[in-house]
Amino acid sequence: MKCKNSPLIILLIIMLTCAFLTTSGCSSKDENGTGDAVSGMEVTSGSDNASQPEGGSENNTLVLGEMWDIESIDPINGDGTLICEKAAITETLVGANEDFSLKPELATSWEQLDENTWEFKLRNNVTFHDGSKMTAKEVKFTLEKVISENSKVASMLKIDSIEVVDDYTLKIKTKEINPILPGVLHYPDTAIISPSSYNEKGELVKPVGTGPYKFESFDEQTRVLTVVKNENWWGGKVGLDKLILKGIPDPNTRAMAIENGEVDFTVDVPYSETDRIDTIDGINVEKYKTPRVYKLDLNLKHEPLEDVRVRQAMSYAINRSDIAENVLYNVGEAAAGPFLPTMVWANKSLKPYSQNLEKANELLTAAGWVDTDGDGIRDKDGKPLKLNLMTYAARPGLPPMAEAMAAQLREAGIGIETEVMEMGSIDDRREKGNWDLYLAAYNIAMVPDPEYILTNWYTTNGTDNTPGYSNPKVDSLITEARKITDPNERYKKFNEVEAIVYDEQPMIIVAYYGCAIVKKDYVKGYVFDPTAHDYRINAGMYLENKS
Amino acid sequence: MKYFIKRVGFMALTIFAVCALTFFLMNVIPGGTAKLVLKHTFVGLEESVTEEQLNQISDKYDLDDPLYLQFFRWIKEAVLRGDIGTSYVFKKPVLYLLALRLPATIQLAVMSMLIAILAGVSLGIYSAIRENKISDHILRIVTLFGVSMPGFWVALLLILIFSLRLKLVPVTGYGSLENLLLPAAALSLHSVAAVMRVTRTSMLETLGQEYIRFAKAKGLPLWKIVSRHALKNAMLPVITVIGFQMGGLLGGTVVIEKIFAWPGIGSLLVDSISARDLPVVQGCVLAIVMMFLFVHFLVDMLYTHLDPRIRYG
């Protein structure tokens, strides 16, 4: 035998060389690529990052386990807006209180001069992270950039023109009367940024905002975002020196990362784990409600569901508190209407439907659905009461909730077949109309104003009116409310709408969406902002004696 | 040489076929491209999109053109300029994204392949030598578990034991060897079991051959018989399995990368499919196919080395 080397060793050598070649080859290429594509942005490579201290050794640095992969840091164009909100890099003109009423933020006051004209007064002591002053000119730049790049926000703002009156006064003309304009200016996509965030070609350099934390670096490979304290924040003292945000998409991994001390703060560990993790020494779990609801859309074009009695019966058959407790583990709460009871405009007289199988039975029997063949499923004219329920898995509460509701509805004699599908297939079926029930988690205060949700969900041509609901009374109430500028008078009309859809149940609102904040005991001063779109770091947060 | 040219031509054909297939399949699955791109970049998963937005996106990426035209344009750019498109979601060139993400996946795949080969082959040989002894049975039962355990579950278990209990390695992170160990181990589980089983069978077969009996009669010690005479002959089927496992590994990285927040192309591919980020899907599939073909090419070359009777041409 000529070759004395064992083939195993040859194989090993080949594998090792190609491993070496490919990895080293690619990483050197990526450095070049980095230089070309993101000029000016500081990008640390993966290996550099690993040699950095793991957060724990620096005393006033907080490591945060974020729930989604951080894909973009663009403060205007798409995904990046939310992470800029979470990391408190950017701020909006208009803020919101805990009850979702508006409050001054970068704008000190605003006034509707006539139907289509608004005047905004700006705070005069705000500087951007690049050191320049924030004036009406930069605000105009930001809003015009958003309008040209994000048609969703543009369609909500309905802005015709923006006029700079003086350094700290701005006049905005809308195309039509738009009472929700200040509310839309609370949306993170409209956060005010410095023009230096973009280069001459309009490409993102880095997000330059006004918030308590400023952008330091974004590692495009590991997608770790680092922000540091903004010493010159207009709002006062900032608690942390540094904040490192890592995307950890798997909830189990987030739980283990905080248990292992790799992150100091994270959100939405598996709901079933929240109580166990809370009992661990040194970690606490806080549960909050966020402006989002779990709701079941009913296809009103299908025969059994067009009968209001069937819909009410279904609502009575569902045990909401049971679901909140055993499916959501109290990360969420039983819901009455589309709005959180803490919201200033919510109809507070509505109470969640409580499970009442007798009432459900009465209503279904009155509607002609009785179990004649004894198989446990009601039928009418020989057709069984069987419905399909579709949902998706991107939000962990949905699939188990669908199963629990199916079981509860079955007790009332309604057969449910659940299907967990991909978003594309769901859209496809919604367009074709071959669905009965659709369980989803909808945001209810992207804009802190009830008009937007009620219009989209319940008016005849509403964009999110999946059930195909149409009630002339609701349509006219909303149209009337839109012309009223006095908030209390407006809210009265909206409360009426809420009461009507509460009775008619075109959508069954099941539960309020929750957020579990998991943090180490040494993380102090955290205040949950219910109006933020998942959560938001506040300037007052600091670390106490982190070892 | 002639064989080599033929082989490369065949690879090019395979790559073209795979690209064409991916492209048309991606356009056949339900849900409009423009709509899902919007949902993943602008409006949020549940929110509705307006007609105006749909047109804006469709115009921007020419999504309303006939499919063959879109595909032809993509091929033209790819072949002539080496440009395989720009991501709809990340708004960056796909090649740039691949250069960022591919090293992580290759590291993971190569590391788990190494674990699979080292552990699989040595355990397989051991098991074959100890045929039907108690240690052989234990090993075979253990590997049975290895094949049947789902990867994500094993991954969580490994984190629980090695990170939380023993505090040996961190839960997540990227860049150093200790970060690599857990994901690679979790990923290699199936391959270790598969390689071990094939090694054992093939080794047993070889050990039953006459020339081994002759070597034994000659008085050679067992380790010499195994390493000098049996191993090389038993390796052929093992190499085949390793080649195939490589393909499986690339598929398995999807789940493992999600769990360990590993910045590879597995999670990029899956996210891009649900976001209908066609250029990125094309790019990832292209990269995976090329890696797969490369490994198989290596395997074929190894065949001729191991068994000189095998000739290509």
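Each residue, glycine too, has its Cβ placed from N, Cα and C.
If you check TrEMBL, you get these features:
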DOMAIN    B:102-303  domain 'ABC transmembrane type-1'
TRANSMEM  B:106-129  transmembrane segment
TRANSMEM  B:141-164  transmembrane segment
TRANSMEM  B:180-199  transmembrane segment
TRANSMEM  B:234-260  transmembrane segment
TRANSMEM  B:280-303  transmembrane segment
Other parts of the chain folded back onto the transmembrane segment (B:280-303), taken as Cβ under 8 Å at six or more residues beyond its ends: 7, 11, 14-15, 18-19, 22-23, 26, 74, 84-85, 87-90, 94-95, 97-98, 102, 106, 109, 236, 239-240, 242-243, 246-247, 250, 265, 268-269, 272-273, 310, 312
Top partner of the transmembrane segment (B:106-129) among B:141-164, B:180-199, B:234-260 - counted as Cβ pairs under 8 Å: B:180-199
Same-chain residues near the transmembrane segment (B:180-199), Cβ under 8 Å, at least 6 residues beyond its ends: 107-109, 111-113, 115-117, 119-121, 123-125, 127-128, 139-140, 143-144, 146-147, 149, 151, 154-155, 158-159, 162-163, 169, 234, 237-238, 241-242, 245, 248-249, 252-253, 256-257, 259-260, 262
Distal contacts, the transmembrane segment (B:141-164) - CB-CB under 8 A, six or more residues away: 123, 170-171, 182-183, 185-187, 189-190, 192-194, 196-197, 252, 255-256, 259-260
